[in-house]
Structure formats: C-alpha cells, structure tokens
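Feature list (source: Swiss-Prot):
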BINDING   Gly10, Ala11, Gly12, Lys13, Gly14, Thr15, Arg127, Ile136, Tyr137, Arg199  ATP binding site
BINDING   Thr31, Arg36, Ala57, Leu58, Val59, Gly85, Tyr86, Pro87, Arg88, Gln92, Arg160, Arg171  AMP binding site
BINDING   Cys130, Cys133, Cys150, Cys153  Zn(2+) binding site
REGION    30-59  region 'NMP'
REGION    126-163  region 'LID'
Amino acid sequence: MKIVLLGAPGAGKGTLAKDLSIMFSVPHISTGDMFREAVAAGTELGVKVQNILSSGALVPDEIVNQVVEERLRKQDCEKGFIFDGYPRTIAQAIALDEILQKMSKKLDLAIYLEASEETVVKRLTSRRICPKCGKIYNLISMPPVSDQICDDCGEQLVIREDDKEEVVRKRYRLYLETTAPLVEYYSGRDILVSVNSERDHRKLVEDVSRLLKKVIS
C-alpha cells in the first residue's frame, strides 16, 4: 500500500496518517517530522530548515527529495508507506515518481483532504506539541487531561512557530499556489480520491480505511 495524503497544513494529514500506519502496519513518512528532528539535532541541514520553517516558506526540493529517497530505501518501506506532507509541488511529485520507478514501484492512491482556510487556521493555532515525545494535541478537539501538560510524559506543551496565525495564513497561501495543482496532477493519473476532512475524525478514519482495503484487496 503506497499512498500520499494531500491537503492544506491543518487538514489532518498527520493525524490520519498515524492512525492508518497503525491500522495497516506500514510506515508513516512525514518530511516535517524528519526536518524537526534535524533542527533538534542542530545539524547544518537542521539550521537551514529551521530558518525556512520559521519564516513560513517551503524547504527546497533538492533537500526534500534527498531525504525522501533515503527513507524509501529503508527496509520497513518494502510493503508500503503513507506520505504526509510530500509531495508539495508538481516537481516533487515527478521526483517521487522517478524515485519509485528506480525501485520498480508506483503509487497506489493519492488522498486529498479538503478543508477551508478558516478551519485550518482554527485547528493549527489550537495545536500544541510535546517537545519531549512529540505527541500532538489540539486544545479544542483533542486536549490533554491536564492543562498544557503532556498526558504521556508530563512535559509542558508548546506551540510551534509555524502554528502561529500569521505564519499559518502564509502557509495556506503558499499551499494554494504550489500544492493545490497536485490535485489535478493525480486526478489526471486516475489515482486521486477527495474526502471532506472537516467532519468527525473517527468517521474520516473509518471511511478512508474502508477505501484502502478495497485498493489493496
């Protein structure tokens, strides 16, 4: 099962990908998480990425594609993968096709999560993350048991720089300019499915998992 999840920042790609990863036993590959790990490690790449993410801009394709190819060649991707946040552009989509072709593989499905700008802003500005274990919360839909404290490890939750409203709106505009055309790209290849991500998350997971079971059966 080889799929990509498309949609604006805050459409719910990461949460859905994690649920599907557990359900189907394939890795959830998030370039965003990889970059944040690099930032935390303080590597040269991490410093570059930190400056880019803090400004709300996108990481250059050359860096992204290199990280992706290295990840896909790991053994746990043999049976499939779920991409969250990649590809973001037509150029990245073409690069992914070329990477998979070298590995004698191809995408099974591209799932587009539809969400309005105001929904995205509301979700992301309410999002909090544990700096220690990486668990993600939402103060509205998935709050921690104790205010601003991680349920799992007791750390104080933080808001990421790229979840502040000004940056969120900038990211949404960038999404419209660069990522939205991917919907047409994958639709033209007849592997696109669009779903409404503004509904109850459990219902969304149920519907998407049912769809994927048909694809891999």
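Cβ atoms are placed via backbone N, Cα and C, with glycine included.
Recorded features from Swiss-Prot, shown on the structure.
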{"residue": "Gly10", "record": "ATP binding site", "DSSP (3 states)": "coil"}
{"residue": "Thr31", "record": "AMP binding site", "DSSP (3 states)": "helix"}
{"residue": "Val59", "record": "AMP binding site", "DSSP (3 states)": "coil"}
{"residue": "Arg88", "record": "AMP binding site", "DSSP (3 states)": "coil"}
{"residue": "Cys133", "record": "Zn(2+) binding site", "DSSP (3 states)": "coil"}
{"residue": "Cys150", "record": "Zn(2+) binding site", "DSSP (3 states)": "coil"}
{"residue": "Arg160", "record": "AMP binding site", "DSSP (3 states)": "coil"}
Shortest C-alpha distance to Gly14 (ATP binding site) - which of the binding-site residues Tyr86, Arg88, Cys130, Cys153, Arg160: Tyr86
To which of the binding-site residues Tyr86, Tyr137 does the lowest count of other Cβ atoms within 10 Å belong? Tyr137
By CA-CA distance, flag whichever of Cys130, Cys150, Cys153 among the binding-site residues is nearest to Arg88 (AMP binding site). Cys130
What are the sequence-distant neighbours of Arg127 (ATP binding site), meaning same chain, six or more residues apart, C-beta distance under 8 angstroms? Gly10, Ile136, Tyr137, Asn138, Leu139, Ile159, Arg160, Asp163
On average, what pLDDT score does this prediction assign to the region 'LID' (126-163)? 91
Distance from Tyr86 (AMP binding site) back to Gly12 (ATP binding site), taken between C-alpha atoms, in Å: 14
Using the alpha carbons only, what distance in Å do you get between Cys153 (Zn(2+) binding site) and Thr31 (AMP binding site) once rounded? 24
Between the C-alpha atoms of Thr31 (AMP binding site) and Cys133 (Zn(2+) binding site), the distance in angstrom, to the nearest integer, is 17
